[in-house]
């Protein structure tokens, strides 16, 4: 059925771009056709699992073969590279660490665009520079495909439970087709505007997240130094005006909450290196738009410093531990 739909889209699309978009609803009706997935890391793996759980056949690949084993055992078809994914699926989701990775996966020697079918829907859930999303969209359009940026918020926990928030940028006419897949992995799917606006929303969110996590860590550390029990302090904060996601859902102090990275030596979750990368994106866009972001700039410096001090692979909430160690080193130096 998918092949018929793709052929129909191609024939009519040659006559009118507007009519081409009319086939979005037809693509949505072919709901259980295979979905491609590229990037099976901490976020991509549970996202792909949720597609399988909703009955979609998944064709996947990852640069690290060992990352594919669990998904393969659950019934996914594993192929060698992104081009092979594009050869077997006309709806593809990518979840990658950075802009260079996205460029390579889409336009590299074994990239998606080497074998992409006309009319394919390409959804990138990586967090990258909005300008790169626009470049990929233009390259996809030349091949007769549609590219949308759909970065996520919510972390590994939300990815596992299917409660991510997707911020989607691209042609509004294609949003319905994208939403069909994204609702299998997320509780909120928000249309932001044209290509790149999803990335813009994500960058703004993560800058605030970093600032909030540093503020929560500083506050908890100060309270502990003043003799307050950390669980009691967290309880007070969370019933007061200082309440935020970093204090009530993802507290950075070990022992305050269960099921968060701070209770597991800051393993898993959202890595410090990735947060530093996202803050770098925020800094670049702030510079380009001449937007003052003094706290964002300080947060970027702090997370870069953490990466240099051995925290790169720990969850970004380890900024609490970093502050405590800085405090101890200052005490030893006195």
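Quick reminder: no glycine exception, Cβ is built from N, Cα and C everywhere.
The domain '6-phosphogluconate dehydrogenase NADP-binding' annotation in TrEMBL covers 35-193. Annotation source TrEMBL lists domain '3-hydroxyisobutyrate dehydrogenase-like NAD-binding' at 196-322. Per TrEMBL, the feature active site maps to 202.
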Helix, strand and coil residues within the domain '3-hydroxyisobutyrate dehydrogenase-like NAD-binding' (196-322) as assigned by DSSP: 87 helix, 2 strand, 38 coil
Model confidence over the domain '3-hydroxyisobutyrate dehydrogenase-like NAD-binding' (196-322), as mean pLDDT, sits at 97
